[in-house]
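**Student:** Would you mind keeping the following structure in view while I ask a few things?
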Amino acid sequence: MESSKPKNRNPMKKPVSITMEHVLLALRETMDEREIRIRSLFDFFDNSNLGFLDYAQIEKGLASLQIPPEYKYARDLFRVCDANRDGRVDYQEFRRYIDAKELELYRIFQAIDVEHNGCILPEELWEALVKAGIEIDDEELARFVEHVDKDNNGTITFEEWRDFLLLYPHEATLENIYHHWERVCLIDIGEQAVIPDGISKHVKRSRLLLAGGLAGAVSRTATAPLDRLKVVLQVQRAHAGVLPTIKKIWREDKLMGFFRGNGLNVMKVAPESAIKFCAYEMLKPMIGGEDGDIGTSGRLMAGGMAGALAQTAIYPMDLVKTRLQTCVSEGGKAPKLWKLTKDIWVREGPRAFYKGLFPSLLGIVPYAGIDLAAYETLKDLSRTYILQDTEPGPLIQLSCGMTSGALGASCVYPLQVVRTRMQADSSKTTMKQEFMNTMKGEGLRGFYRGLLPNLLKVVPAASITYIVYEAMKKNMALD
């Protein structure tokens, strides 16, 4: 935004006291006129003249208002209005909701309207959003104002503000108002860097990125034994059970053997997250249209390309990690990292650090596509059959994310096995040769070695990531 925008104000400072008289004055209506307006709105929903509203009437009324799906909260609105929980909303309950909501909306309207001229100017809205931790550019601000400003005069009156949010049953904070269509689901199962949703519009994006990175590091460390077990099983040609492999790892290195390679796995988080985020932000305007909205397919494309770039950049670390996890201990000791890296460079050349990159990149877009499709489907199913049209909360979203992530990982798992075997093999085996060797020697079963520990780590990895991320946000004052 231009430097002429007002500075050093506190637009979120609350007025001393807000009464219904303030609301009437702002709306330029009398108490009787307001009563008629509220009664008309109630009658609009009560089109059967029952004298009360049920959930079906509220849902039907919202649908006839042509409110976009992301703004529909029929179940929540019904629950908030039904104060005595008798399954129906009478006029007095409906009126009490409207009274409380209009007072709440006027309170935040006054907090944004620092000039106190009865309307919100774009620069006032911009400053309030920034104070709330939301950073938007001129085009996004113009679209936001245009959405609320019904008479298109460039400012927002309280009447327009009220009409936009009157049927929004949740707390009307600025962050809720701007982000209530966004859903956060942070899932890290140790395969690729996770970028927190909504981060690109947050002024403290670097701190959010740090919080996500630290959460991923803690999660990967906690699930490192399962990761080591998975990799060891993936490279074994002969059938080997989980328990014999666990005993083998214990015999070689005792407890620390289960954490071999975890240091590199954690070190990958920061550069991979940073590269993926920066690449994603650069690709968005190239893929998006004039309105800046890239849509679901655009997000999938931009995310896939950003993920491929990040994966390529940190791939040598991933290969060395695999070699470290799969090589045999010498004299009961794990090989030194620097010696292992040097041996690869000297014996196999620099190209060896990119063995298995192609199958790794091949799996990125299918994994993301399956993950996204499954997540949205599960969320819709939970909304329909479990929550009765209420928006799913963090726990449901986390469960949907874990399930979709596990499904996506399972579908592309054969590519992951081929990649791991190519990484661990010092010979110049191509992807096609590795596929043929596995199919010929082990059949389809060979492509799913290590799948069990991979799936077992999904729940703890995702849960730990989510808990640590939320705790970090709280400690960094990012909520």
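Keep in mind that glycine also has a Cβ here, set from the backbone N, Cα and C atoms.
Given the structure is predicted, the values throughout are model-derived calculations rather than measurements.
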**Student:** Using Swiss-Prot as the source, do F259 and Q325 end up on the same side of the membrane?
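**Tutor:** Both on the same face of the membrane, per the record.
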**Student:** Tell me whether E93 (Ca(2+) 1 binding site) sits in a helix, a strand or coil according to DSSP.
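**Tutor:** DSSP call for E93 (Ca(2+) 1 binding site): helix.
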**Student:** Identify, in sequence order, the residues in the chain of T155 (Ca(2+) 2 binding site) that are 6 or more apart from it along the sequence and have a CB within less than 8 Å of its CB; answer 'none' if there are none.
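**Tutor:** For T155 (Ca(2+) 2 binding site), the qualifying residues are C119, I120, L121, P122, D149.
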**Student:** Go through 209-226, 261-280, 450-469 and flag the stretch with the largest number of C-beta pairs under 8 Å relative to the transmembrane segment (398-415).
**Tutor:** 450-469
**Student:** Between E160 (Ca(2+) 2 binding site) and E93 (Ca(2+) 1 binding site), how many Å separate their Cα atoms?
**Tutor:** 24
**Student:** With DSSP as the yardstick, break the domain 'EF-hand 2' (69-104) down into helix, strand and coil residue counts.
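**Tutor:** In the domain 'EF-hand 2' (69-104), the DSSP-based counts are 25 helix, 2 strand, 9 coil.
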**Student:** Can you grab the distance from D82 (Ca(2+) 1 binding site) over to D151 (Ca(2+) 2 binding site)? Cα atoms, rounded to a whole Å.
**Tutor:** 34
